[in-house]
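K.L.:
Feature list, courtesy of TrEMBL:
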ACT_SITE  LYS35  active site, proton acceptor
ACT_SITE  TYR261  active site, proton acceptor
BINDING   ARG131, MET309  substrate binding site
DOMAIN    240-373  domain 'Alanine racemase C-terminal'
MOD_RES   LYS35  N6-(pyridoxal phosphate)lysine
Amino acid sequence: MKRGPSVEISIDSIRHNYDYARGLSNNRPVIAVVKADAYGHGAVKVATLLEELGVFCLGVAFVSEAIQLREAGITAPIMVFFDTPDIAEITRYALIPVISEVGSARTLSEMALRYNMQVSVHVKVDTGMGRLGFVSDIDEEKIKAIATLAGIKVTGFMSHFSEADLVDMNFANVQLERFVVLKARLINHYGGHYGGVLWHIANSAATMYLAPAHLDVIRPGLMLYGYDPIREDNPNLRPAMTVKCRVLDIRRLPAGRSVGYGRTFVTQRETLVGVIGVGYADGFFRALSNTGHVIVNGRLAPIIGRVCMDVSMADLTDVINSAVDGESTPQECILLGSQGNAALWANKLARAAGTIPYEILTSLGRTPDRTFT
Ligand SMILES: *Cc1c(COP(=O)(O)O)cnc(C)c1O
């Protein structure tokens, strides 16, 4: 029997969310972020859909992810955010590299000249993320130097907000300001040389809540999968991933018995303990021990005791005792999703587990075994 939970992805929901993002940005072109296997939703399927919808470009973290998409037949432009493809990969797979320092730009330039090519690149600007890229107010000369390298054509500039949830809108505005100032300075310096070059900085939060950041192209990830990085419930978005697992057994324990490793839960009453087939090895966070829930028969049931490697325990007493006549013993439970009046989406799990919805999705979705509806 197959191990672990089963993951269902609603392609229609992703379509809806993509349309919503476009609408919000006045139909700007979209660089749709499908890194980390499309946040656990299956990059090939998601990219296929986005391509059908006419997406402007796809964004991945690493060259290997781009190659996976090309080998699956994806033809849309692909931008690689974090590692730099070599010239053979750029030509063979038609990739758009992102340049974050002068050395790799020089190497690329030399290779492009040798192959008598011109490579289109986007330049990464650090406006406050402190990760990769040319520091907007320090490295201006270096950026200008890249523009003079033969064999390379700068077709875009990108920057990234250091707060995915833009809780500190003031700092987001500082970053945006630095980016826009740089744009103005480069335009002045080159006298329009940069016309037609695309400037982009808008992640999901900025797409939804910071319209001045939309600039030329938006670059959303999380919202495509149905989550708002700021509001826990946003009725305009549709979460695309549902995760279920099997109920392996239901045991009746008297009051006063401990459940699971470390005996962190002790029954206060006669308890129906559901043993469910998901554990931290499946991306079900151990931090959900004694704090998370699952949905069984359309009702929330608390996780009791510690989440184990392969299985976990849930208190099904109320769910089963309130079952209506004819309702059968539960065979499965929902870890992520909704049923009846109960909903358990990644924002809520993230709060219970002390993390962010991004990590919930990439953890629970980390399986090649998904069903698409
Ligand atoms: C992940 C990522 C995004 C998307 O961010 P979301 O918060 O998921 O919308 C955009 N740009 C870059 C460079 C990224 O790495």
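A Cβ is built for glycine as well, from the same backbone N, Cα and C atoms used for every other residue.
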K.L.:
How big is the gap, in Å, between the Cα of MET309 (substrate binding site) and that of TYR261 (active site, proton acceptor), rounded to a whole number?
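P.N.:
A Cα-Cα distance of 11 Å.
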K.L.:
Can you grab the distance from ARG131 (substrate binding site) over to TYR261 (active site, proton acceptor)? Cα atoms, rounded to a whole Å.
P.N.:
40
K.L.:
Work out how many Å separate TYR261 (active site, proton acceptor) and LYS35 (active site, proton acceptor) at their Cα atoms, rounded off.
P.N.:
35
K.L.:
Does LYS35 (active site, proton acceptor) have same-chain partners at least 6 apart in sequence with Cβ under 8 Å from its own Cβ, and which are they?
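P.N.:
Expected: ALA43, GLY59, VAL60, ALA61, PHE62, GLU65, PHE81, GLY221.
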K.L.:
What's the number of neighbouring CB atoms sitting within 10 A of the CB on ARG131 (substrate binding site)?
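P.N.:
That number is 11.
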K.L.:
Applying a 10 Å Cβ distance cut-off over all chains shown, what neighbour count does MET309 (substrate binding site) have?
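P.N.:
I count 12 other Cβ atoms within 10 Å of it.
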K.L.:
If you average per-residue pLDDT over the domain 'Alanine racemase C-terminal' (240-373), what number do you get?
P.N.:
94
